[in-house]
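Undergrad: The structure under discussion is supplied below as structure tokens; questions concerning it will follow.
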Amino acid sequence: MGSNKNKKRRRTAERPTTHPRNKYSNNPPDFAELASLYPTFKPFVFFGRDGRPRIDWTDFNATRELTRVLLLHDHCLNWWIPDGQLCPTVPNRSNYIHWIEDLLSSDIIAKTTKIGDKVRGFDIGTGANCIYPLLGASLLGWSFVGSDMTDVALEWAEKNVRDNPHISELIEIRKVESGENTLPAEGSNNEALVSTKTEIYLTEDMGREGNSLNTGYYGPPILLGVVRDGEEFDFCMCNPPFFETMEEAGLNPKTSCGGTPAEMICPGGEKAFVTCIIEDSVTLRHTFRWYTSMLGRKSNLKLLTSKLWEVGATVVKTTEFVQGQTCRWGLAWSFLPSVKKILSSHVTEKSNLSFMLQGLERKLGAIHVLQSVEDYFRNAGALCKLNTSSFTVDITAKDDKSDANLKSESQNYDGVASCDDVQEASGSSCLNLLSNNLSFRVSVFQQTPGTLLVKGSLQQRDGQISGSFSPIFRRLEEVLKQKFHREK
Ligand SMILES: C[S@@+](CC[C@H](N)C(=O)[O-])C[C@H]1O[C@@H](n2cnc3c(N)ncnc32)[C@H](O)[C@@H]1O
């Protein structure tokens, strides 16, 4: 009992809170002072029995006025949103900005910008409040493209930019065209549009011809088709529509931050929305140094992390944003080569490795696993030969000069790229481990229904090259276990 209590206490103590560089980390907003300085805020402030100044968090007008005065007082920003639009909390949104700042200054991935270059970001779904571009530009001098699709968001985001001439040059608001075949989304207002496109096909680009990935997202374009030819960004960020329905959104009875259906929901919820960003990132690759999104559900973090390994991200990072009672998660990934590494060529290499896959659905057999193995390595740019009679896939890394940068890293392996984050899931996909001439065979044996043995055998023993076989095979094990476990 006692030890449980201690554990709980320890967990609470260890829980991450406000980012240390967040203006409010040691200085929470002082409502009494703000009330004395801003007469329009004063009517919303009352004093509790303990004598402390408070506001009614369930009153939209109070939370909006608080955001307005905080942006003005602490950030010299003029700001407003119409009734009912999503009202951001400033300390909470600042955490995400500071996390991106950490990612950009870390040496997890190669730096592509020169010293003195301006940081350029892309805010997916900037909303009427345009909070991230306003904060990023005023706190750090970053420039932004902020995208959105509803008229009200575009009109008010532009107004919020115009009302701040000292940073307005830094922010472009970009309309997302909903594209052809666009229908009003069921159960939402006219502003939420969905296209009739049902699947996103990843074909030639990824060497996965005919293999369609249904993201479950049927909305307007997110990055592909919005980012223009030749554009490059240091990062993208997104506070996605978290929910599938307004009932699910269930508007937290303890606070009132507004939020229209167009802001809060999309078909498939945040999982579908962020899956679509991931699919777009596979095509856009180095157009962004970091792709990031916020998530409202921890379960989606795990799921999307596995998806990122499957599509060949080189680095995946996660974090937790805690502000008061609200908990959100941050997911970041990149396709640039990871920089930190340890030399692994001295590792005595095993040329035969194996693992078991258990608990598969009965209808899934060796052939499905082999096809996943083939897809996975083909995605990473390797040549794959599937033999359905011997139940093997032969894999050889291609000699592709365009990937020379990635392949040159193959003698080094960094299983964990670390940063100061609270939670992290980092690693290296097979992409940056596949070296020219590395060739190996993966064989799959059915043991009993639902249980398979997966074996990997190195085809050559070149000391330097073979050093990457084991991490590649370990990564394959993770991917297959996650995939087939999920499909149970
Ligand atoms: C949860 S709100 C976030 C608003 C603001 N960034 C914030 O953090 O308060 C989500 C926004 O995404 C927009 N949105 C939905 N689908 C979009 C798409 N495909 N492209 C751009 N914006 C989109 C919505 O209109 C809405 O303004």
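The backbone N, Cα and C atoms fix where each Cβ goes, glycine too.
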Undergrad: TrEMBL records Arg93, Asp148, Asn239 as S-adenosyl-L-methionine-binding residues. Which of Gly121, Gly125, Gly268 is assigned to the same site?
TA: Gly125
Undergrad: Whose Cβ lies within 8 Å of the mean position of the Cβ atoms of Arg93, Gly125, Asp148, Asn239, the S-adenosyl-L-methionine site, other than those residues?
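TA: For the S-adenosyl-L-methionine site, the extra neighbours are Leu86, Asp123, Ile124, Thr126, Gly127, Asn129, Ile131, Tyr132, Gly146, Cys238.
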Undergrad: Looking at S-adenosyl-L-methionine and its recorded binding residues Arg93, Gly125, Asp148, Asn239, figure out the farthest C-alpha pair and report it in angstrom, whole number.
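TA: The S-adenosyl-L-methionine-binding residues span at most 18 Å between Cα atoms.
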Undergrad: Taking DSSP as the reference, which of helix, strand or coil describes Arg93 (S-adenosyl-L-methionine binding site)?
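TA: Helix, per DSSP.
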Undergrad: By a simple count, how many Cβ atoms lie within 10 Å of the Cβ of Asp148 (S-adenosyl-L-methionine binding site), its own Cβ left out?
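TA: A count of 26.
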